[in-house]
Every structure is written in structure tokens, then in C-alpha cells.
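All remarks here apply to the structure that follows.
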Amino acid sequence: MTANNLQITRLMMNPRSSTIYRVPYDGDNLQRQTYTSKRDKRCSIKWLIAILIAVIIGLVVVCIVLAIVLATKSKLAVEPSSGTTESPIKPQSQSFITRCKPETPLGTEQRKIQHKKLMLPSAPERVGDHILLKNTYMVEYLSDIDVEKHFRMITHSLRSSNQISQSEIQIQTVIRSSLFNGASFSVTTNDSIEALKLIEDAIDIQPVYLIPAPHTFDKAVYSDISIDMQNYLVNAFDLTGVEKIHKNFKNFGEGVRVAVIDTGVDYSHPALGGCFGPGCKVAFGYDLVGDLFTGANQIVVPDDNPMDDCSTESHGTHVAGIIAANTTGIKDTLFSPSVPFSGVAPNVVIGAYRIFGCAGGSTNVLAAAVYRAYDDKADIINLSIVGPSSYEETIQMTAVQRVSNMGVYVSIAMGNSGTGGLQTGGEPAISSEGLAVGSVDNTYTLKHIIIAPDNHKILAIAGQAFGPWITNFSATIDVYNRDGGCFPVNKSLAGTVMLFAVTGRDVCNSYTRCNNAANAGAIGCLFYNISAIGGLNTIPNGVISLQDGLRIVSTVNANSSAIYKFTNLLDLTPMETAATPSSFSSFGLTGDLLFKPQLSGIGGDVYSTISTAIARQKKYPKPYIIKSGTSMAAPYVAGVLALFLAHIGNPAPYTINGYAESGICRPKMSLIKNIMQSSAKIVKVRNSPLAATVAVQGAGLINVFQALTATTIFSPSELALNDTVRIALSHRVNVTNIGNKSAVFRMSHDGAALATGARKGDDQLLPTPIFSAHYANVDIEPIEFALQSGESREITLRFRAPTSVDATLLPIYSGFILATNLVSGEVAHLAYAGVVGDYGNARIIVRNASSGIITGIQDARGQYMANTGISNLNATEGLAIVIVLAWPTRILVTNVIPPEDNVQFDPELGCGILNVGVNWPRNVANVGVYSYTQLVRLSWNGLVHKPSSTNNSSGEIQRLDPGRYRVQFAALKHFGNPKNFSDYEIYRTSPFNLVF
């Protein structure tokens, strides 16, 4: 018989690659050709045997040579660099961290992205301080379409719907990346957005939000006099192991490329290299927006110059300095710092990406910058940008996930909303692939010196608005403090400095007090019993300690003519809050009780560079300043990641897939987390023996020396236990000996402070959680075991949450599982966190709060509708729907319903919809919390959205008839099914008469 001429194509997947090969073959059921000659068969068999023998011999030789090469590389990898004389380095098996197969499969450049089914967004108009840019969207395409075709495709698709004309469409930011292909656009019409579904080849559409320019807590350094000291003290390099890496390993991050996505970078600053481009410290980057871009004004004027010269805080330049500043050899007194310092990794190459104009920015540009940094071959991306969110479903978080999966490490600020209580973290930090970073206070800070009449040295922290005294002078201090200084002063303060005490009874801020003092002739103002102030921008101001404040009061009461000398001298002094979580650092967990933050960095009182433009504007004598924020902690960790990559040879990001010609691969982010978290330093609550809750410190303060010399890691190194209703019966983790010696390990458990974020009788959460010594009990099996080098052991953990606590308050319990190496004494740890109680039944909608700020309806005067009787609400005068949430929710529906009591929740059955929002963050009890708001107020004039009964239209806007109604608020419960209406928490107002 002859072979069948029909050949079948089979798709065969190479197990080492995503590339698909097409291999022709004669199908299994086809008749095979027969051979009539036995001699031909015998010859074929002999040749086949010979070939097989040759192949086997060749493989054996290759394996022997490869083993010798890898052994040699492994030996070289763990030997310390020459010249190391201090602190003996612990042995570590670097081959465990970087090992991979010594080849690169075909097709590794191809991306694997799971595309979502096209769905139109239902976006709230405001998410904290992020405001929805109405009728503006980011669209992603499945196919690779030329940039020039973006506009034609969008306009053609929208025009074909007969709803939106070409003149109403404006293309804004185009992203043409290997990881994303799409563009943002806006329409100038409020017509139905159903037309967006018709965009050809669109696979995802997301809303765009305005981002306010980043904000930190500043302490101005008004002195042109420098202090001679060791540079590792100023930014706690001794506490985080950076000092030892610099001194012992001679590792300064050489060759690692770190992208700073921010307000731009003042690359003309000598500490940042003084130039831009190849060969400079700031060697790559891009201005994606131009000066006039505000977010609301989406007209971008991009260029190749990412200079930070018009931002209000010089945020990006400060961030870049934390990573890479080098002040060694600066002779110009204008640029010599007040105290010697350097960045964490001063030899890295910086990429500057400007995404803010002189005012604000937007989420579409942020996402574009992340993709551009990846395409520009960044090794690490720093994002000191945060917005309120508890769920990871935004365009910028998608960008973080994709670049991280391709081997670029992303360090992200957790947020500065810690004074709002639990679950105040933000995006994109809560991205599952990003490294969320909390803040720990520095060990030292710079303070200005005031000399008392008895020569006692008083140390003052400068206010943010003006700062302390630029020149030396002498003056008396007035301790007049009637009415707390909140009202005009009725006497002359000419030529004096005013001292204010801060108490819990105060009804005004530092600005008002200093302004009242200045109006009475004061030339400065001081505060005590407070950690920091904003102050006034017209006279010098600052903060002193409680002890010094009381000492001045006593001295002045005895002698009102006592003279104090105010100087521009500086002193580096220990911080009272050193090595404890910063008060502003945001708390986790996420809305789904996932583990955030991962780690902490030094973010409280960090000294670094600022632009010369902002220094001139604010009359600083030198372009350096102290800033506080997780915005500072994130670049600190980014610098640590750079030192880590430099230590292991900085394998290229594409080697994350496990293949490299050199046989050395970049560790995945999951392994980086395991190493950094297992070796982090556990920090305590301020003035307490309790370990700080994992919800604020993560696994602890990062320590690069411990990470690079660690011999033990947990995998995974973090556990999110969920709540006590849904907790797993047991958890299995691995302990791995990555050292070069065998060891015996003993397991143990240390609890962290229980964080109770609520109180009885109040739906809203507390601004500051209550910490207490209530711990879980943990059964660990086995307790003790031995491991050879490179060997792992599975450990079983069974958690029992603390029982003597109020489960209705949903407190967070947390702690650490410790693995102690009984040979070396080294201790590695795993961090865990969970919630006591049923988080699925948390009271989300605030109906009762001590502040009086609750969910309901307000009239034109801002008065809440009474819960008793039938109120008349005049829609013509204007009403407000007030939404206040204690916990986040994935879906929030607000609609108008008939006045009957027993109405089943169904948004399509009521009288009309007022608002539908997804991934809605919580609100906070107090004002002034970064990113978060006390409430959301929606204006209402009687109009509602009536859903359509067909799929061809999104419905229409109608005005309700005068009559009796109620407003219904429906929040999807945690872990609830959006399609199951019984999974929604319902709150209905009292009936009211709507009149016009």
C-alpha cells in the first residue's frame, strides 16, 4: 500500500516555551508503508543502534562539563569580593536564588496576557481624592494595530453607532508597548456609552481618574552650615544593613536601571549627576505630559526632557535622591548637604518619567509610564504614588502586574492614610504582584538649635509652610495662650516669638494661631506637645518637645524679659519614634483580607535632594530637605532591591522565565518576597513591648545585609488567614536551607499586637486602632528537624484565633512563625494576619456614628432628613445623597424605591437608579486623611436613571413625579455573589415627599 497523501497538522507545545510548533505526521490510524526487503530492515536497525549509542555518549560528556561549569560558578558566586575586612559574611547558596536552565527557549519574548471579556465600567465619580474624568476611557486592543490606526478605529466604531460624531472624539494618550496596545480617548457628549461596545477589536475598556500631585510631610532644613558625621546615620543605613553592604561588599548598585515614575527629576543637581542622557546618572526617561497637563486638561505635550522644575514639592527629585544620590566630592557650598549622605544605591542608573504637569496627573498616563519604563529596559520601577482602593482592578494595577510578571520589580508606596484607621492602603500598592511598602521612622533627624538663657540647647523641628529661622537673632518668648491662641491676640507681640501649647481642646490649627500672632507683631511662633505642624508661610515657626515647652513656660513666668538665641545651626538627634511604624503609614489588609503591606522601609524623616527651582521658590539655603511618607519608604526599598540585583549579577528581566544562556536567572518576585520577608526586622509599637501589627509593618523593616547573607527562607513567607469563619483547617509552608551547611531548625511562634479598629455603638471605624496583647495559638508540626544544604521541609500550621476578644468588632490578629537555626543562631520568620469574626457580615453602610456623619439625604442647607415622620424634600432647591462606608465594597447601588417597607432589592425594579459604583473604598472618621474622605456627596435634583428593558440601550434619564419615595443603599457584602441579591447589605431611608 502507498502512504496516504493527506498529512495532518498537530499542534505540539514545547514544554520549555510558549511557542507553538506545527509538526506534520502520518496519523495514528493511517496505514504505514511496508518494506519488502528484510535486509533493508536489518540495515536500518543497525544504523539506528549506532546513532543512539553516539547520542548517549554525547549527552554524558555534556552533563559532566556542565556540572563542572555550574559548580565553579556557584563557588565564585558565594565568595566575598576582595578587600572585605569587616563583619564575616555568612555562607549563602546563591545558586538556589539564581539557578535556572542554561538555555533560552524560542518565543520567550512573547507575552502571555489573560484578556478580560469586554465590559463597560461602572465607575464612581469620586474615589477618595481621585476624581473620575467623565466620558474618558482607556481602551485595549487584542490585535497589534499601528498607532496611526488608533484614532481611525475608535472614531469609525463610535460613528457607526450613530450616537457619537467624529468631532466629539479626542484621542489622548497612546500606549504602544510589548505588553499593552491601546489608547485613552474622551468624548464630549453625555450620550449612552453603549456605543463603546462597538469599538472594533477592543478587549477591555476602563475609566480614567485624575490624580492629585503627590504630597508628603516636609521638614525644611534652613541652614547653610554642614555637620561633619558618618553618612550612614542620617538615613538609618546601620538599621537596614545598607552600611554593611556598602562597606563589606563594595556594592553600590552598579549597573542596575531604576525607573522613577513621578514629577520628574532635577538631573542638574550635582548629587544626581548634573546631566541627562547616556553616561549620566539620570540616563533615560521621558516627559509624558508637559507643564500644562493637569489631568483635567488631557492635552499632552510630551518631550525627551523629564526635568522636575515646576512641581510644588519636588517629589520626584527627593525620591530619586533616596535611591541614588551621591554627594561625595561636591565642592560647591550651595550643593553641599547639611549632613553627609548618599542614596541607598548611589551607582544605579536612574530613569526619570514625568507623569504630572505643574499641577496634577491621571491614571492613563501613569499606566503608560509603567509600560514605557518596561520597554526602556528598567530593572526596577518605583511608584511613590497612591490612591484610595481596596481591590486590584484598575488600569495602573494591571500595568504593575504585567511588568512584574515579565521580571521587573515594582516597589510601591502603601499610602499615608494611617490616621484613618484600618484598610486605608491604596492602589497600585495592593496589586498582587507589586511590593507594597509601609513606613518606619528614621533613627535620627535634623533639628534647629535655640539657646536658652541658661545655655540649655532647645531643638526645634521646622514647620512645613515657612520653616525656622534663616539667620541668627535674639528675642523674648511670650507664653500668652488665652483661648489656645485661636482668636485674635489683644496685646502687642512686637519683636517676640509666641509659644503655644497644643491640647485636645483646641479648636484651630497652627496656621490660625501663627497668623493671629503675626497680626499682633510676633516674629515667630513655636508649638509644643505635638510632633509636627504645617505652620504659617509669613513668619518662622517650629515644634519643640513637651519638656522644653514646659521649661520655657517656667522660665518666662519667672522672668518675662528672658532672652533666647534663635540660630540656623543644626543638630542630628535621635528620634523618639525611631524604628517604629510611622503614624501616617496606611494599614492593611485589602478589601479581600489579602496580605498588605509586604514590608516596611525607612520613610519617616528622610533627608534627600530637591530641585533647585523649588529651593529658590521656598528660599531654602540648600536644595535638600527632610520629607516623610511611604513615598520615601518605597524608594528606600527600591534601592535595596538594586543592591540585591547587583549582588547576584543583575540577570536580565527576561530570565524570570527560568532560562538563561549563562545559567543565572533573575528570581521571581515571589522568591524576592520570600527572601526579604524571611529576613526582615520585626518592629514594635511605639513605647510598647508589643510587636506592631502585621497590618501596618508587613513582615517587618527590610534589611538588605540579612537578605543577602540569609541561610533560611520560608515559602511562602506571608499568610493571609481570612476571617475565623473561612479560615483553612491547616496551612502548609516550606522551610528551606539556602546556606552551604547543614543545620538543625527549631520552630516557634511570636504574636503581634491585636489591632481593634472599631468600637461598640459606632458603625464608623476608629482613626487609630486599639492595640492589645491578644495572640493566636499555633500548632506547628514538626517542631524540630534537620536540613542539608539546599533541602526543604514542609511544615504544617494550625491557627486558633484569640478567643477573649469581641468578634463583632472584627479585630485583626497577626504574628510570626520563627525558624531558628540552632547551629548559627539565625532566625527567619513568616508573617501572618487574619480577622476575628465574620467579615462577611461587617456593617458596611454607616448609619450611626459619633461624628454625626452618616449615610442619608441632606437638604439644600446641609441638614440630614429626619428619621421620624414624613419630610418634604424640595428637589428644585437641591438635595444631596450622602454615602458613608466603614468598610469597602465591590458594588454599591443607590436607587429610589416606593415607600412600602417590604421591597425586595433589585436595582431594576425600583423607581430609578441614582448611582452604581464598583470597588468603592471606605470613608474615614476624621478630616485631613491623605487620599480618603469622610463622605461622598452626590447632588440630586430629582432625576434618576431608568434601566432599559432591552439589551440595545442603557436606558434613559427621567425626572421623578412628585410623590412619596425612599432611597435605598445596597452594598455587596464581603465575599458576596453580585448576582445574589440576598448577598447585599440594605439600608433604606425613611419615606419622604419629593416636591419641586
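Each residue, glycine too, has its Cβ placed from N, Cα and C.
Given the structure is predicted, the values throughout are model-derived calculations rather than measurements.
Annotation comment: TrEMBL describes ASP262 (among others) as active site, charge relay system. Residues within less than 8 Å, Cβ to Cβ, of ASP262 (active site, charge relay system) and separated from it by at least 6 positions along the same chain comprise PRO214, ASP308, HIS315, GLY316, VAL319, ALA320, ALA352, TYR353, ARG354, ILE355, PHE356, ASN382, SER384, ILE385.
TrEMBL lists HIS315 (among others) with the feature active site, charge relay system.
Taken from TrEMBL, the feature active site, charge relay system covers SER631 (among others). Neighbour density for SER631 (active site, charge relay system): within 10 A of its CB lie 31 other CB atoms from the protein chains shown.
According to TrEMBL, the domain 'Peptidase S8/S53' annotation covers 253-656.
The domain 'C5a peptidase/Subtilisin-like protease SBT2-like Fn3-like' annotation in TrEMBL covers 720-818.
What TrEMBL records for 47-71 is transmembrane segment.
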Including all protein chains shown, what's the count of other C-beta atoms within 10 A of the C-beta of HIS315 (active site, charge relay system)? 28
Averaging the pLDDT values of the domain 'Peptidase S8/S53' (253-656) gives 92
Under the DSSP assignment, what numbers of helix, strand and coil residues are found in the domain 'C5a peptidase/Subtilisin-like protease SBT2-like Fn3-like' (720-818)? 3 helix, 53 strand, 43 coil
